[in-house]
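*Asks:* Sharing a structure here in structure tokens format.
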């Protein structure tokens, strides 16, 4: 009977049974990975929402990271971790699973002084165990810390001193931290509300007259997003109250902190390109208009842009790529000398329209130009506006400038400029040769590190200064001539120096720029006059080859005199 019930080999029913099994296994092999992927993505999104909720409610400045740059151990479970979260204020590092425990167990930096605080120098160290910086040494036994492959040794989040576990037990349990009142004075005794408004300030008398508070203004979008990492490093070394991201807090708002500090005491470090520096200096001018001259800070520059000619003029270099530790950068700022920088008003008045249009006004710190270099800046700016993510590398940006300069060598869009413009220096008209570009300089450097006015060769010219109230005016014969000048194979055509420059564009459209901000301009009159001075910080610790040669040329001139 059982034999009769079984389908005969090769019968249609046996084939349908086999096909059903095949379809079932095929569906399982397809749907199971899809289900597992969906379940994993759901769990991942739930974990992400949970982390964001912790980040939002926490007093720590938590940041996610996919890979730590050095061997790292969780401060809670002491296990080795490759990815997790870290606090960019106190430096705490934890695994994802221990994030909630760490948020409850460990306290971040106290950025506020309570009303019952009496003295600043009575505060103890704020120790965090493990993950000490590489090549750090114990403040007690002077031996290297963090050598063992585990969570070990301690670091003070204020003074950044490190100590071994054994030395901590024997010597440093009750020692007071002097880092909270050291050379940078990281504790600014202010009450800072969640809406970033300063409500009161208590300056302790024990800080002394030599107290020099420092404020950091960084552009997180500058320097291949290096500004974002610098913000975290500065928050670890200083009080987070002192560190501002100018993309979130405008400079005019951040600089109001200076009005609650002693007169003429504050220094500001601007991390960004020349455009960011100009933004901050405009905010300083607004402080002058408000009658806050006594609170005007001195400004230093950490160059993160492409050209960085202003920072190079002030001795801060052509670009920062992390080669100098951040702590050394801060020390350089405190050791820098004060110097004045001329700022100029550029007024552009369009022809026609019966003077109904209001003239455009710009503030110039570096240079004004019309011609091929402005054309290169205009083309670069137009393409960067379309795809800003493609222009985040300093080397790539310079390569794009090179491309547009090579293109203009063939097209020569700015030829016969001398027939299109009239130039006046201090009211006297100047005869121009056959030029393609005119550059008006306030600082010594131009085009990413070229000393344009002094040039090269046997001819000796006085050094261009940025505090003498004079502008240097030069001409170039084209994009190829600009390239020759930058590699020291040619000199510009020196037109002269003046206190006031007037340029009249008689016809056609020409590219113009002020401090790297380009535009296309029709017939107009451009007038450049002195506006004000800015108090800057000059660092003389490093000199470029051009600086050394210029200094030696100046010494030779003095000897001949």
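Note that Cβ sites are derived from N, Cα and C of the backbone, with glycine treated the same way.
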*Asks:* Which of these ranges is annotated transmembrane segment in TrEMBL: 22-42, 43-63?
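*Replies:* That would be 22-42, per the transmembrane segment entry in TrEMBL.
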*Asks:* By DSSP, how many residues in the domain 'Phorbol-ester/DAG-type' (124-177) are helix, how many strand, and how many coil?
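*Replies:* Secondary-structure composition of the domain 'Phorbol-ester/DAG-type' (124-177): 7 helix, 13 strand, 34 coil.
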*Asks:* Please give the sequence-distant neighbours of the transmembrane segment (22-42): residues at least 6 beyond its ends with Cβ less than 8 Å from one of its Cβ atoms.
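*Replies:* Apart from its flanks, the transmembrane segment (22-42) reaches none.
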*Asks:* What is the average pLDDT across the domain 'Phorbol-ester/DAG-type' (124-177)?
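*Replies:* Taking every residue of the domain 'Phorbol-ester/DAG-type' (124-177) together, the mean pLDDT is 85.
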